[in-house]
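Peer 1: The structure's right below; bear with me while I get my questions together.
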Amino acid sequence: MNLYRRYGWELTLAALLVLEILLFGLSNSRMLDINVLLFSTSDFICIGIVALPLTMVIVSGGIDISFGSTIGLCAIFLGIVFQAGVPMSVAIPLTVLVGALCGLINAGLILYTGVNPLVITLGTLYLFGGSALLLSGLSGATGYEGIGGFPAAFTDFANQTLFGLPIPLVIFMLCVLLFWLLMHRTHSGRHVFLIGQSSRVARYSALPIARTLCMLYAMTGVASAISAILLVSYFGSARSDLGASFLMPAITAVVLGGANIYGGSGSILGTALAVLLVGYLQQGLQMIGTPNQISSALSGALLILVVVGRSISLHRHLIYEWLQRRRSRKASA
């Protein structure tokens, strides 16, 4: 009983994930093939890598919607640096530093201006996206053309396995462990929850708000850079639009995973399960021949249903009291 009280939503998500796979398996038996389930994660698991630190950002009461553009910028930067003759062993760490810098720019602007993080990251979304297109043009790859020619050892990396699991999935699992420990087993993680519950109380308690926010947004930038590197390796080319479609699925996964969009609560494990739930939903719909437009609409409907359902769950006692008052009024009338 205590386990269900503590991890009730995560257990619900796990049950829904199993049910989803079984239902799609009735329409297409390939969905029940363990190899298909494992290797199809490479198509969406990079969304999960970004969604994990994004969960911590949202729990802190913030938001970052610029990570898609950060992915594109990091991908193009990796391509340009490689074109310039820099070895991949140096280009990859430099790309991670660019991602961290993008996150620190977000944090710095939020702390310095005091403007809502949504507005700041909306601006940097266009800033980073425009910078990616500019760099793409300077490299000779006009529009959304990619930069190719990467060494085979790099392009094969995201398609290799470790202990029978795809490399991107292994990296995702390591990230889940890392962020779970950071969020639920460290003082920094407790600070994240306290800042999200009340930034004023956190400030009066002398919590390191600036340092914590810088850490969170920098981690989101680093995760975006890691996703960019994996995507470039997976597709074999660096393009400025690689993260363009990540925003909606990532936020859906975070909210579906149990994070309060206003801050103060959230779960890394819940987000990880929600990533798989949303990812397999897209995969399953494609396998049964559902058009992309309908698939996107269903993802949006899922997000709305989750928000409404969580709101009803959190305020069920108020709803119950309201219904009781209505019944009392009808009885007295």
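Residue positions begin at 1 at the first shown residue.
For all residues, glycine too, the Cβ spot is worked out from N, Cα and C.
For 7-27, 45-65, 67-87, 90-110, 118-138, 162-182, 212-232, 240-260, 261-281, 288-308, the entry in Swiss-Prot reads transmembrane segment.
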Peer 1: Which residues of the same chain, at least 6 past either end of the transmembrane segment (45-65), have a Cβ under 8 Å from a Cβ in it?
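Peer 2: Counting only partners 6 or more residues beyond its ends, the transmembrane segment (45-65) has Cβ contacts under 8 Å with 71, 103, 106, 110, 117-118, 121-122, 125, 166, 168-169, 171-172, 175-176, 179, 182-183, 189, 192-193, 195-196, 199, 212-213, 216-217, 219-220, 222-224, 226-227, 230-231, 243, 246-247, 249-251, 253-254, 257, 259-268, 271-272, 274-276, 278-279.
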Peer 1: At an 8 Å Cβ cut-off, counting only pairs 6 or more apart in sequence, do the transmembrane segment (90-110) and the transmembrane segment (212-232) clear the bar of 3 or more pairs?
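Peer 2: Checked: the transmembrane segment (90-110) vs the transmembrane segment (212-232), in contact.
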Peer 1: With Cβ-Cβ distances below 8 Å as the criterion, list the same-chain residues six or more beyond the ends of the transmembrane segment (240-260) that contact it, or say none.
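Peer 2: For the transmembrane segment (240-260), the sequence-distant neighbours (Cβ-Cβ under 8 Å, at least 6 residues beyond its ends) are 9-10, 13, 44, 46-48, 50-51, 54-55, 58-59, 65, 67-73, 75-76, 129, 132-133, 135-136, 144, 196, 224, 227-228, 231-232, 266-275, 277-279, 282, 296, 299-300, 302-303, 306-307, 310.
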Peer 1: In the same chain, who gets a Cβ under 8 Å from the transmembrane segment (261-281) while lying at least 6 residues past its ends?
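Peer 2: Same-chain residues near the transmembrane segment (261-281) but 6 or more away: 7, 9-10, 13-14, 16-17, 20-21, 24, 37, 40-41, 43-45, 47-48, 51-52, 55-56, 58-62, 172, 176, 179-180, 183-184, 193, 195-197, 249, 252-255, 295, 298-299, 302, 307.
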Peer 1: Have the transmembrane segment (67-87) and the transmembrane segment (162-182) got at least three CB pairs under 8 Å, pairs 6 or more apart in sequence?
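Peer 2: When sequence-distant Cβ pairs are counted, the transmembrane segment (162-182) does not touch the transmembrane segment (67-87), since fewer than 3 lie under 8 Å.
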